Amino acid sequence: MEASQGLAEVETLSPQLAESYLRYVQEAKEAAKNGDLEESLKLFNLAKDIFPTKKVMSRIQKLQEALEQLAEEEDDDEFIDVCSSGLLLYRELYEKLFEHQKEGIAFLYSLYKDGRKGGILADDMGLGKTVQIIAFLSGMFDASLVNHVLLIMPTNLINTWVNEFAKWTPGMRVKTFHGSSKSERTRSLTRIQQRNGVVITTYQMLLNNWQQLASFNGQAFVWDYVILDEAHKIKSASTKSAVCARAIPASNRLLLTGTPVQNNLQELWSLFDFACQGSLLGTLKTFKMEYEHPIIRAREKDATPGEKALGLKISENLMEIIKPYFLRRTKEEVQTKKADNPEARLGEKNPAGEAICDMFSLARKNDLIVWIRLLPLQEEIYRKFVSLDHIKELLMETRSPLAELGVLKKLCDHPRLLSARACRLLNLGTATFSAQDENEQEDVSNMNSIDHLPDKTLIQESGKMIFLMSLLERLQDEGHQTLVFSQSIKILNIIERLLKNKHFKTLRIDGTVTHLWEREKRIQLFQQNKEYSVFLLTTQVGGVGLTLTAATRVVIFDPSWNPATDAQAVDRVYRIGQKENVVVYRLITCGTVEEKIYRRQVFKDSLIRQTTGEKKNPFRYFTKQELKELFTVGDLQKSATQMQLQCLHAAQRRSDEKLDEHIAYLHLLGIAGISDHDLMFTRDLSVKEELDMLEDSQYIHQRVQKAQFLVESESQNTVQRQTTGIEETWLKAQEFPSQQKKKGTEFNKPQPQPSRLLTKPTQVEAISSQMASITICDQSAESEPQEHSEVHDVTSLQGSHHFNSTSDAGTIASLPQGAESIGEVSTDSLLSPAKGFAAENDAMQKKGLQASPGQEAPSENLGSFHYLPRESSKASLGPNLDLQDSVVLYHRSPTANENQNLESDVPMIEISDDLSEPPSALQGAQAIEAQLELKEDDPLKSPPQYACDFNLFLEDSADTRQNLSSKFLEHVEKEKSLQSPAANSRAKSALTLSLDSSPKSDEESEVISVKTKSKTRRILSDDEDEDEEDAFKGSHTNSINISPFPFSSVKQFDASTPQSGSNPSRRFFSPKTPGEVNTSLHSRRSLASRRSLINVVLDDVEDMEERLDNSSEEESEPGLSEENNEEEALACTEEQPSGATLASGNKSSNLTMSEPTSPAPQSSPCAPEPSSSDPMPDPPQDLAVEAGNDYESLVARGKELKECGKIQEALNCLVKALDIKSADPEVMLMTLSLYKQLNI
C-alpha cells in the first residue's frame, strides 16, 4: 500500500521532475552500493528537494548516522603477521588463538603462497580445526586474496559452523545452501557468486545440486577454495560424494579430518588425490603396489627383517612426499610442546573475554578395555553356531561370512538382538513369533516381543548388560554423567528400558532423531542439567560433531571395525573445555569375534600412526595369522590379548587413589580383566635391526627410488593433461525434452563396441609409459609367497606406440602378490552394473581366454633394481580422454542383452615362458581383473573363501558395495525418467555425457542424460516495497536475508555481510598497505572486527527492508524437505554388518533432483526460519502469539533500559528481540546505536 501510494504521489509530478527524481534515487543507491556514502547522501538530498517522501528521508538519516560513525573511526584495524608467514591477521582475533592454531593458519597460507593446489589439515579431534579455517579465511579475505569459498560438511555440523563464523568473523558474508526453500538457496548462492563470501552446504546437497554449485549464468564457476569438513566422507574415490566433489571447479582444495586413515592407505591416497587434484601420489594401482603393500606387511609381527626394513624406508619416503601438504597434531603432541615452552600461551582468553581451560592442561584420560566373559547361555549358542551348520541355518538369513560375523557380534552383545524367530527356536524365553518375522523383517518393531519379559531376564542373558547396569549405578552414585555408545539401536532400546525402570534420567540421540533443533535441545539439556546421568547415542550419529564435555565417563558397548569410529566417540568428551579426568570403558568379550575385531583395530592404528608421522616404528602386537583368525573360538573365559597387554603395559598406567579404588570395584563385578588402551604403542621399537638391514641391501634403496619416480611421473602426466584441457572438470549441455527422449529411444540400438574409459584423471595407464616394455621371466611355476621374478629389457611395439628401455640383464624388479603385471591399469573407479561382469566374463571365456583374473604373479625377493630413466621410454598415453573424473558413466554394448563389454587399450607387457599369452587375450584378462578390483573388498560377491581368509575382505567395504548397487539403480531410474510422459510437459535442463575416447567415437557411444528438476523462471524484487523506480522500469533483482550481528539468530543461517561493490574487500576489509591514503571512508576494516558491522548494515539496508515484502512470497519445496529428512536419517544410520543391511544401497544418494510432491504453504514474513535441513513443524497458534508478545515486551524493555542509561542491558534485550524477529529495521538501527555507544 505504501509503495502504491508513493507511486501515485510521484505520478502527480511533471514528467521532467519525475524522471529527475527517479534518476537521483537510482544513482544514490548505486553510489551507496559502491561505498561512496557522501555522494549517495548528496543525491538523496537532491531527490528530497524534488519530492520529500518518507523513504528518502529515512535513507538520508541512515546515511548521516553511518558517516558520523565512520568519521569517529579514523584508525585502521591493527593486523599481525601470523608466525612470520606473511599472512596478516586481525590482532583481536590473533590474540584469541592457541599457538598450535596459529601454526595451522601459517601452514594453510604456505600452501597458497607456494602454489600448492591443496592440502589436508588432519589435527586430532578437539584441537580447533574449525577455528583455524575461519581465521585463515578472515586473513585471506582481508588481504583480498580470495573471493569465493565453498564449504561442504555433514548436515549436523551446519549450526556449529554458522555459530563459529558469527563469533569469530562477524563481518564475513556467510550463506547456507541448504534447506527446503529452493529460491532461498539459489538466492544465497547467487549473492556469493556475484559478490564474495562463503557458501556452506552439505554432502547431500552436493549430490543433488552439484551442477548448480559448479556453474553461474550457464558457465563454469571456479571457486577460490573448496573446503571439505569431515573429509573422510570421500575416503573412497568412487563414492558419489567424491565424484560430485570432483565436479566442482576450484583453484584450491582443503580437507579437514581428524582421521585421515581409518582402514587402509588407499583412503589416504583418495584424500590426497582429491586435494592435490592428482598431482602428488600418482595412480591408485601404483600407490598400492609400491607403498601400501610393503608398509602393511612390515606392520605385522611375523614380518622378516627385510620386509620390516623395506616398510620403514617406504613409509619414511611417503612421509617426505606428503609432508608439505599435510599437517597433523595430536593432543599429546601439543601438550608436550606446551610443557617444553610454558611461556608460549600466557593470558589466552576466549572470545567472550573470560579465562578458559587451557587445552594443554587437559585432564588425564584413562581408556580401559574391560574384558567380559560370555554367560553360559551365550557361550553355548556361540560355540554351536561356529561348529554346527544346522545352527547357522537357523540363525542366518543369508549365507555369507560377513553375515556370520554379524550374528556372532549380536551373540556377544545380547541374544535378544537375534530375530524373534531365532529366539523362539533357541528357546529364549517365551518370545512371540509373528508372520512379520517369517519374512525376516528385523526392525525396531521386533522389540515388542520382549516387552513382556522382566528386567531381570534381560539383564541375566548378557554378560555385558550385567556389568553395564552395575557400572551405571555406581557412576550415578558418584555424581558422574556418562555417555553410552552402541552401534545397535536395539541395544539402546534395551538399555533405555532398564534404566528408566531404575529411575535414571536419560537422554538419547540416534538415527530416528532427524531434526537438528531437537538434537541441539537434548545436547544443551544434558550439558546444563546434571540430573541427566546417562546419554544414549549410536556410534555413527553421536560420534561426529557433538561436544558433550559435561560427561566424564564414556562406555563403548560394542567395538567397531574402524578404530577411528570409536576414537571419535571418545573425543565427544575428551576435548577443549573438559576440566575433569575422563575414564573410557570399552566392553569386549573374551575369545570371541570382538577380540579379533579389537586386534584389527590395534593393527590399523599402528598403520595410521606410522603413515601420519605420529610414530616412526610403532610396536608390533600381532602376526598375520592372528589377525586372520576371525571364526576360531578361543578361550571364552580369559583373553589372550588381555594377558599380552598386561605383560607389556601393566606398570605404565597413570592413576590416582580414586581410580585405583574404582578399578578394584570393577574387578568385583566378575570381569575377566582390564587392559589400558591408551597405553598402546607407548613402547617404541628400536630401529637397529631395520637400519642394519638397510646398510646391507641396495635393493631397498633402489625400490624406494623406483616407487618415488613412478608416482612423480604419473602425477606429472596428470598435471599435463589438466593444463592442456584434455580432462576438464565441468561439462554441461542443455537439451529440450524432445531431444532427450529421442536419445533415450536409441538406447536399445546396436552400437559398435566402445573402447574402455576411465572416470578419474589419476587412474590412467599408470606405468605403461614407463614400464610397458619390460618382459618378466617366470623362474618357478609354483612358489612360496616370496618368489623371484627377473626383469629383462626388450623393445615392444603396440600399435602406434613405441617403447624402448635398456638396462643390465641382471636387474631385478619385484611384484606384490596378486598383481598380474607391472603395467596393469588402475580402474578402481570404473562404474558398471554387477551383472555386466558376469556376462562379460562368459563372453571372454568363449573367446578362449585362459588367464585367471585372480592369478598370482611372482612375488618379491631381495635383490637389486637398477632404474635408468630415459627420454625414449616416455611415450604418450593412448587416446586423449575428454571425460572428467566427476561423472558416473555407463556403457551400452551392442549385444541383445545390453551387457557391458569393455576392452583394454593399454600397451602390453610381454611375459615369457608359460605366462605369455596373445595380446588380445592378455588385454581381456586385464579388463576382467580391472572389474574384479571393484569387488576385491566385497565378500558377498567374491568367490567362496576359506573362513580363515575372509578377514582380508573386511576393510569397511560397505561404501563400495552400496556405491555399485546404487549406481546401477540410478542408471535404471535415469532411463525411466527419460521415457516418462511428464518429460514432454515442461523444459528440463540435462547434463549430456559423451562417452567417446577419441574424436571418432561420436557415433559409437551413447548418451545418458541426467534428469534435473524443472525450473520456473522468476524475477524477484531487490528493492523495498516495490519502489517507484521499479514501477517505472519494471526491473527486479534477487532478494536476500540479512542478519548483520554476530549474536543474531542462528536460525537464519546468516552471518554478517561485508560491504559489496566492485571490490568491497579492497575498500573496507583489506589490511592497509604502505603508502595508501587513510581516510574515514576508505580505512581498512577486518572481517573479524565488529566495527565492520556498520558497513554491513549500510551496504544492504535495502535488502533488510525488502525481506518484509518478499518473505511472504517464498515457497518451500516439500520434496526437498522430505529429501533432507532422508539425508539426516541416512547420516544417522547405525552400523549393522548383516547381509541384509549391506546389500541395501543408499537410495537417497543420486545425482538427480527429486520432484516436489505437493505445493508448500507460504511462510510468514515474521516466522522464524528452520534451523536445520528439515523444516520445523508449524508451531501452534498459542506459541506464535507468545513469541509475538515476547518480542514486543523485549523491545519495550530495551527502550526503557536505554532511557535509564543502562546501555548493556538494553542491548541484550534488543538482541534477544532480534533473535525472535530479525527483520525490524527500527530495532536494528537502535541496536547499532547502542553498540556504537559501547565502543566509544
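Every residue gets a Cβ built from N, Cα and C, even glycine.
Residues annotated as ATP binding site in Swiss-Prot: ASP123, ASP124, MET125, GLY126, LEU127, GLY128, LYS129, THR130. The domain 'Helicase C-terminal' annotation in Swiss-Prot covers 467-631 and rests on sequence analysis. Feature annotation from Swiss-Prot assigns phosphoserine to SER14, SER755, SER773, SER821, SER966, SER998, SER1001, SER1021, SER1092, SER1112, SER1172. Residues annotated as phosphothreonine in Swiss-Prot: THR1057. Residues or ranges marked as repeat 'TPR 2' in Swiss-Prot: 1191-1224.
Structural mapping of features recorded in Swiss-Prot.
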residue	record	DSSP class
SER14	phosphoserine	coil
ASP123	ATP binding site	coil
GLY128	ATP binding site	coil
Across all protein chains shown, the one of the binding-site residues ASP123, ASP124 with the most other Cβ atoms within 10 Å of its Cβ is ASP123
Around the recorded ATP site (ASP123, ASP124, MET125, GLY126, LEU127, GLY128, LYS129, THR130), other residues with Cβ within 8 Å of the Cβ centre, ordered by sequence, are GLY258, ARG575, ILE576
Going by C-beta under 8 A and a gap of 6 or more residues, the same-chain neighbours of GLY128 (ATP binding site) are PHE98, GLN101, ILE576
Mean pLDDT across the repeat 'TPR 2' (1191-1224) comes out at 81
Cβ neighbour count (10 Å, all chains) around GLY126 (ATP binding site) is 22
Expressed in Å to no decimal places, the gap between the Cα atoms of GLY126 (ATP binding site) and SER14 (phosphoserine) is 68
CA pair LYS129 (ATP binding site) / SER14 (phosphoserine), Å rounded to integer, equals 62
Least crowded of the binding-site residues MET125, LEU127, counting other Cβ atoms within 10 Å of each Cβ, is MET125
The number of other Cβ atoms within 10 Å of the Cβ of THR130 (ATP binding site), counted over all protein chains shown, is 18
Using a 10 Å radius on the Cβ of LYS129 (ATP binding site), the other Cβ atoms enclosed count 20
Secondary structure of the repeat 'TPR 2' (1191-1224) by DSSP, residue by residue, totals 27 helix, 0 strand, 7 coil
Rounding to whole Å, the Cα atoms of ASP123 (ATP binding site) and SER14 (phosphoserine) are apart by 68
Nearest to SER14 (phosphoserine) by C-alpha distance, among the binding-site residues ASP124, MET125, LEU127, THR130, is THR130
